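Below is one structure; the comments refer to it alone.
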Amino acid sequence: MSWRPQYRSSKFRNVYGKVASREHCFDGVPITKNVHDNHFCAVNARFLAIVTESAGGGSFLVIPLEQTGRIEPNYPKVCGHQGNVLDIKWNPFIENIIASCSEDTTVRIWEIPEGGLKRNMTEAVLELYGHSRRVGLVEWHPTTNNILFSAGYDYKVLIWNLDIGEPVKMIDCHTDVILCMSFNTDGSLLATTCKDKKLRVVEPRSGRVLQEASCKNHRVNRVVFLGSTKRLLTTGVSRWNTRQIALWDQEDLSMPLIEEEIDGLSGLLFPFYDADTHMLYLAGKGDGNIRYYEIGSEKPYLSYLMEFRSPAPQKGLGVMPKHGLDVSACEVFRFYKLITLKGLIEPISMIVPRRSETYQEDIYPMTPGTEPALTPDEWLSGMNRDPILMSLKEGYKRTSKIVFKAPAREKKSVVVNGIDLLENVPPRTENELLRVFFRQQDEIRRLKDELSQKDIRIRQLQLELKNLRNSPKNN
C-alpha cells in the first residue's frame, strides 16, 4: 500500500493575529523593569492593569479599556504596597476587584471605582498577612467566589477566604520557590511547578499531593491544565538548554505523553490555553512571536497551526476573558502585549477568517461566565461544581451583580493548621542571605567610617587641650 500524507482538517488552521492600530494602543506607560517571571498585566472586560516602575514601593496602573492613546505621566496609580508588586489578578466574578501581591509579604485586595481612578489609591479594602517572605503569585479560584490562592517565597501556598479575610488552608508540600499555579476546570485540582524541578498535582483543600513528577530531562517552568481533557501541558528547558514543551496525563506523571523541542532561545515560554477552541498559544519572554497549536485527543495530540510574528519583544502578556471579545469580528483570543522599550501596551486579536457576518456558533460554544458556582463555605466543605456557562450570543456584555464586602480585620498572628505563619519562618534562600550579607557589610562599613571620624575628632580635642595647658596664660 502506498504511503499517503496525513491531512488534518481544522477550522482554526487559518487563524491570524491582528495588531490594533496605534490609536487603539496604550502609549506612555512606565512598565516595570522588574525581572520577576510574571506577566505584570491583567485584563478584564472593563479595565487594563499594568505594574509600573516606581520608587519607594510598588504601584500599578488601572486604565479603562476605552481610554486608549497616550497615558499622562501623572495618571493616578494604585500605590499602597511598600515593596515591588510582583503579580496582579482580576476577580473573575466582580470586575472592579483586583488582587495584588508584593515583596512586602502582603496580599492586598483593591476596589476600583466606577470609571477608573481619579486620584492615587493608597488604601486597600483588605490587607492579607500570612506569608513570611515576599509573595510571588496570586490566583483566584475558577468557580468559587472570594477564594484566593497566594504562593510565597516561604514555599507555602495559602488559601484565603475573603469573606472573613483569613487564610483557611495551607499547602506546604513544596521544598523551594513555587513558579506557577494552574487549576482544572472545576477547581478541584491544583497543578504547581517548583524550583525543585518537580511537577505536582495537589488536592487543594487537604494539601495532599496526588501525583508528582521529578523532571530530569525536562526542567519545568510553567504549567497549564488543558480544560477538561485530564491533561497538563508544561513548558521548560531540556538537558541541552533548548526550550521544550511536554504533555502529561494528570493521573500518571511518571512519563510525559510527548515532549517537543521548540527552539534554542533562552526566554521563558508562557503557555495559554483556550478550552473553547482547544488552541494552545506559546509566547516567549523577550520574543516577538506567538506560536499556536491545536490540542487533539489522539496522537500526535499537538498539531502546529501557525505563528504570529512581530519585531518588538514582549515582557509579558495579558489575556482578555471570553466575554470581553468581539464576536462580530470572529475574535477567539486577545492578548495585551507589554513592550517595555516603547512604553506601549499593544492589543493583538486572534481572528478566525469568516465571510459571514452572523454569529458563528461553531467557534463560540457555551463558555464560563461571570457568575460563581459555589460559595466559599460550600467549596471548603468539599463540594465541586463546574463553572456556570453563558452564551456569547445574547447578553454577554451583562455585568455581575455581586458586590464585594470586606470584613473588618486587624493585623495579628495568623494560625493555620496549628502553626503561626508569621512566627515560623523558613530558612532563607541563597539570594536573600546574600542580600542580608551585603546589607550588613554596608552597615559595618558605615559604622567604621563614623568611628574613624570620631577618633579624629577626639585627637583634635586632645591636641587643643594640650596646647591650652602649655599656653603662657596657664603658666
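Glycine is no exception: its Cβ is also placed from the backbone N, Cα and C atoms.
Straight from TrEMBL, the features:
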type	residues	note
DOMAIN	5-69	domain 'DUF1899'
REPEAT	78-120	repeat 'WD'
REPEAT	128-170	repeat 'WD'
REPEAT	171-212	repeat 'WD'
COILED	444-471	coiled coil
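Here the repeat 'WD' (78-120) has Cβ contacts under 8 Å with residues 32, 34, 36, 38, 40-47, 49, 51, 54, 57-64, 67, 126-140, 142, 145, 148, 150, 152, 160, 162, 321, 368, 370-372, 399-400, 402-404, 406 of the same chain, all six or more residues outside its ends. Computed over the repeat 'WD' (128-170), the whole-number mean pLDDT of the model equals 94. As a summary of secondary structure, the repeat 'WD' (128-170) carries 0 helix, 25 strand, 18 coil according to DSSP.
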